[in-house]
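Per Swiss-Prot, the features are:
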- 10-30: transmembrane segment (TRANSMEM)
- 33-53: transmembrane segment (TRANSMEM)
- 61-81: transmembrane segment (TRANSMEM)
- 92-112: transmembrane segment (TRANSMEM)
- 152-172: transmembrane segment (TRANSMEM)
Amino acid sequence: MDLPGPIHDFLLVFLGSGLIVGGLGVVLLPNPIFSAFSLGFVLVCISLLYILANSHFVAAAQLLIYVGAINVLIIFAVMFMNDSEYFTDFNLWTVGDGITSLVCTTLLFSLISTILDTSWYGVIWTTRLNQILEQDLISNSQQIGSHLSTDFFLPFELISIILLVALIGAISVARQ
């Protein structure tokens, strides 16, 4: 969006704080329904951040796919679960939980150190140069397709593997 600087900065800080509060709500709220609604709030804030970044197609896809389908599916799944078996085991801390938290913390700190050590100056100029060159050549959807099949092929495939693992995990949990 073409907003004046202070308004853009205010909206950015407001949506960022909404993301933080919503993310804490997802993790810390004991009721799974409230956590699912908090996740919906986080996904709407992410969509609004995409609108601020002039990525209207990605914002619409975020709203339709994640908020409209995935979050509603999560809410329905939580509402139909037998809640008595899930609320009794919340206070147990197992070895798997400790290992999982250790791995996640290690990944978080390695990601933060990688982000801080990377020189982003050349990346920003390359992105702007590509945007200027591709602005007149093809439409936005064609640009997204060409970037997914060339520049972002590896992250796209990694996301598909993560989704496959999540699907297998959901099926194994549902079978138990």
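Just so it is clear, glycine is given a Cβ too, placed from its N, Cα and C backbone atoms.
Within the chain carrying the transmembrane segment (92-112), a Cβ under 8 angstroms from the stretch's Cβ atoms is held by none of the residues 6 or more beyond its ends. Within the chain carrying the transmembrane segment (61-81), a Cβ under 8 angstroms from the stretch's Cβ atoms is held by residues 32-33, 36-37, 39-40, 43-44, 46-47, 50, all 6 or more beyond its ends.
Sequence-distant contacts of the transmembrane segment (10-30) (same chain, at least 6 residues past either end, Cβ-Cβ under 8 Å): 3, 38-39, 41-42, 45-46, 48-49, 52, 90.
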